[in-house]
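**Student:** Quick one: the structure is below, and I'll ask about it shortly.
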Amino acid sequence: MVRVVPMASSVRPTLFSLTFSPPSSLPLFNPSPRLSLSVSQFHNFGLKASRLLRQDGYPVRAMASGDVSQSVAAASPENVLEWVKQDKRRMLHVVYRVGDLDRTIKFYTECLGMKLLRKRDIPEERYTNAFLGYGPEDSHFVIELTYNYGVDKYDIGTGFGHFGIAVDDVVKVVELIRAKGGKITREPGPVKGGRSVIAFVEDPDGYKFELIERGPTPEPLCQVMLRVGDLNRSIEFYEKAFGMELLRTRDNPEYKYTVAMVGYGPEDKSTVLELTYNYGVTEYDKGNAYAQIAVGTDDVYKTAEAIKLAGGKVTREPGPLPGINTKITACLDPDGWKSVFVDNVDFLKELE
């Protein structure tokens, strides 16, 4: 659902498509808490007139120009941040670029046990998407791979860490990957300072996967690890702007790092963000390979306001994408990690 490109390029007119381009072409931050759309645009998206006048308690104001503007200014900051805690949110996708789509699909399906959910080629835009995971997109966190024609290598950088996958038997999975020529970067064994059995492997593009020995879980694709420069700042942002819960923290002074797990549910049942702070390191090179996560929301307008109130930067003001009925907003966290929020109802319609 997202096309992310490593260099100046056109972006497809579908879900999230007008959101992410290279940093130099990101939309300028607009502090206005409103998005104006013409009445005809709303009708083109199939919205009933009654919905134009009020949405989730927010007044909608018709202007002399014939535009319709949804104002979030009427809600107090306290109400907006409190609403975030009640919003129905779920991590939907993680998006990143690969240099050989068929090679990556083969590795994920044969070595990591994922299913290819769907694949879409857009030759006029010179890219292909593939969606993989352990269950359908309407109920599971999935991977969205982007292959841009002719680009076979990307820079992962130093900020992205790894993805986590829960497996029944780490040793068995590692041996399978080894037999198929995969790269093992950390042999199976207890985690340092603990008892959980883990291992690390790399996919053909160099993305790291942590294999975590765990019992049956409804969400095997269970972690996205990102490095941050100020852990307390990041925790506060994800709590306030994203409505995530701080599940736990673990300090490792011997190895000079601290991690915090944040998410929308317990680690053994849902996907979480693992935020890692390395002592004394405040900035990282993000490269051009990893792109962003996507999160579902019941209201992208309130979400954008909450992001601003929490100190984040909105890079795409909330509203429907031209040509389709999908409402989104996009932002950067304090470290510059990208996320896109997608209207829950519109997301399900996109899947149909």
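Using N, Cα and C of the backbone, Cβ positions are placed for all residues, glycine too.
For 90-214, 220-344, the entry in TrEMBL reads domain 'VOC'. The feature Zn(2+) binding site is assigned by TrEMBL to E144, H162, E210. The active site, proton donor/acceptor feature in TrEMBL is assigned to E210.
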**Student:** I'd like to know which of these binding-site residues, E144, E210, is least surrounded, judged by other CB atoms within 10 A.
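**Tutor:** Each of the binding-site residues E144, E210 was scored by Cβ atoms within 10 Å; lowest is E210.
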**Student:** For H162 (Zn(2+) binding site), which residues in the same chain are close in space, meaning a Cβ under 8 Å from its Cβ, but six or more apart along the sequence?
**Tutor:** F200, Y207, K208, F209, E210, Q223, M225
**Student:** For the domain 'VOC' (90-214), jot down how many residues DSSP puts in helix, in strand and in coil.
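**Tutor:** Tallying H, G and I as helix, E and B as strand, the rest coil: 23 helix, 58 strand, 44 coil.
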**Student:** Across the domain 'VOC' (220-344), what does the pLDDT come to on average, as a whole number?
**Tutor:** 96
